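Engineer: Mind having a look at this structure? Questions to follow.
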Amino acid sequence: MQNMFPWLTVIILLPLVAALAVPLIPEKQVKWYSFAVCLVDFVLMVAAFFTSYDLSNPDIQLAERYRWMPQIGLEWSVGADGLSMPLILLTGFITALATLAAWPVTLRPRMFHFLMLAMLAGMVGVFAVQDMVLFFLFFELELVPVYLMLAIWGGKGRLYAATKFILYTAVGSLFILVVGLAMYFYGDLRTFNMVELAAKNYDPTFQNLCFLGLLIAYAVKLPIFPLHTWLPDAHGEATAPVHMLLAGILLKMGGYALIRMNVGFFPEATQLFAPLLIVLGIVNIIYAALTSFGQRNLKRKIAYSSISHMGFVLIGVGSLSEIGMGGAMLQMISHGLIGASLFFLVGATYDRTHTLILSEMGGIAPKMPKIFAMFTACSMASLALPGMSGFVAELMVFVGMATTDAYSFQFKALVVLFAAFGVILTPIYLLSMLREIFYGTLNHAVVHEEDLVDAEPREVFIIASLLVPIFGIGLYPKLTTDLYAPTTDQLTRVTRERIARAAPPPALLSGVYSVEFADRDRVSLR
């Protein structure tokens, strides 16, 4: 049903229109202007979902459809369901805090805040649009601000990192365009509308090819090994606000699109690729955790930690269970908060120590007790300490994988065993990182004691704002799971039903899927 007030259109266009006015704002006031726009946009998001969104309805709500180019089926189509609504709220929340983190930027501040506002519009658009062409356009729109913010405000290797980022993501985006056009021309109905595309009956070979194409595209963004190498380079050169947007929101676009399109459009192909997603998730978790051990650069260490944590999203999606799919969604939300907080603290620490090399740090805890306490709390969240959001998300993925009836006992046991090994690695490298940064003796040859100023109120506010939902989700996850559960449960159920009507899995996967699932004797969910 068409929504009466165009909430999502206003939410998308507000930061874009406001960005056009940035050149008119005095340079000293532009940071206040940018923060105010992001705050107003976030308030509009909360108001829209509080007043016009039914949590029990799993379908698209706040829908708007306006003809754009009817000759070829293009339209402005936006909407939100349980997959997109939490991520839209996460985008508004983290972007508002990222603009606050950008206050110390003195090089071309107008241009920087212009790009931040444009990026907000692009990121919200990715989660809200219901048209493949619009999705592609917004997916591309958010690439340009990130490239410029890396290339202009990054570190010494910024041009290499920015070029690598744009090449990887642009090539990945081409697969989205090709698959979108292929679906448009498939069958008699010419449409780019996602709901109508999902309703088409694609033959198995077409589904498999399209699933693979989109998987490559989103493997870059998530990222998935071996298409992950742009992320450590980008994080290694980015400033704190860009870190927060990269870790907090951009990586989630890959996970969101994987669920929305790969699973939603091609459920029969999901049967073939679900075990691959699980294996790739295990590789992400263990490979990135082991690689993080060897990183002496603090930013790159946290970047590989992010790659490791996103592996749980792949396992949750591949589990073909309601609990696992819900765990994947919660892991994206949780990591968005934790990743943004950790990278902000990395930036705050670098501003004081002027080094990212762990061997050059040490002994700064007595001089910066607030930063030490906040860094410790956020690291505990990252290693999935009980009572914090990371624990609940990873637990749901484990339970979903262990209890799903889709896979054989042997396969489930191996997955849980390897994933548990990755979980054990996480506290080892995070706790050793804390020891190298804050304990020991101060390296006076590199770090100047007079620069070690403790956290200012702005920095405390940013981290406190992120820790509140981290603890809130950890202590009472139902507040968050209720936002998406009806949609993820329905999506998983429909996927299982479509798989049940399709051909049995190939003989190659005979030892992976359970006998009951392969024989189609039951399709019930656990």
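Cβ from N, Cα, C; glycine included.
Since this is a predicted model, take the numbers as computed values, not measurements.
Quick paste of what Swiss-Prot says about this protein:
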TRANSMEM  5-25  transmembrane segment
TRANSMEM  32-52  transmembrane segment
TRANSMEM  87-107  transmembrane segment
TRANSMEM  111-131  transmembrane segment
TRANSMEM  165-185  transmembrane segment
TRANSMEM  211-231  transmembrane segment
TRANSMEM  239-259  transmembrane segment
TRANSMEM  273-293  transmembrane segment
TRANSMEM  302-320  transmembrane segment
TRANSMEM  331-351  transmembrane segment
TRANSMEM  371-393  transmembrane segment
TRANSMEM  414-434  transmembrane segment
Engineer: In terms of Cβ proximity under 8 Å, which residues at least six beyond the ends of the transmembrane segment (5-25) contact it?
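Structural biologist: Same-chain residues near the transmembrane segment (5-25) but 6 or more away: 33-34, 37-38, 40-41, 44-45, 47-48, 52, 62, 64, 76, 78-80, 88, 92, 110, 113-114, 117-118, 120-121, 124-125, 128.
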Engineer: Any chance the transmembrane segment (239-259) and the transmembrane segment (273-293) are in contact, meaning at least three CB pairs closer than 8 A with a sequence separation of 6+?
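Structural biologist: These two stretches do not touch.
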Engineer: Under 8 Å between C-beta atoms and at least six residues away from its ends: which parts of the chain pack against the transmembrane segment (165-185)?
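Structural biologist: Tertiary neighbours of the transmembrane segment (165-185) are 73, 132-133, 135-136, 139-140, 143, 146-147, 150, 191-192, 197, 200, 202, 206, 209-210, 213-214, 216-221, 227, 229-230, 233-234, 265.
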Engineer: Checking distant contacts: for the transmembrane segment (371-393), what same-chain residues at least six beyond its ends satisfy Cβ-Cβ under 8 A?
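Structural biologist: For the transmembrane segment (371-393), the list is 305, 309, 312, 327, 330-331, 333-335, 337-338, 341-342, 345, 348-349, 352, 364-365, 423, 426-427, 430-431, 433-434, 437-438, 454-455, 459-460, 463, 466-467, 469-475, 477.
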Engineer: Between the stretches 87-107, 111-131, 211-231, 273-293, 331-351, which wins on the count of C-beta pairs under 8 angstroms to the transmembrane segment (32-52)?
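Structural biologist: Looking only at 87-107, 111-131, 211-231, 273-293, 331-351, the most contacts with the transmembrane segment (32-52) come from 87-107.
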Engineer: Using a Cβ cut-off under 8 Å, which residues of the same chain at least 6 positions beyond either end of the transmembrane segment (273-293) come close to it?
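Structural biologist: For the transmembrane segment (273-293), the far contacts come to 208, 211-212, 215, 219, 224-225, 228, 262, 301, 304-315, 317-320, 401, 406-407, 411, 415, 418-419, 421-423, 425-426, 428-429, 509, 512-513.
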Engineer: Any residues 6+ beyond the ends of the transmembrane segment (87-107) with a Cβ under 8 Å from its own?
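Structural biologist: Distal contacts: 11, 31, 34-35, 38-39, 41-42, 45-46, 49, 80, 113, 116, 119-120, 123-124, 127-128, 152-153, 239-241, 244-245, 248-249, 252, 256, 332-333, 336-337, 340, 344, 347, 351, 458, 461-462, 465-466, 469.
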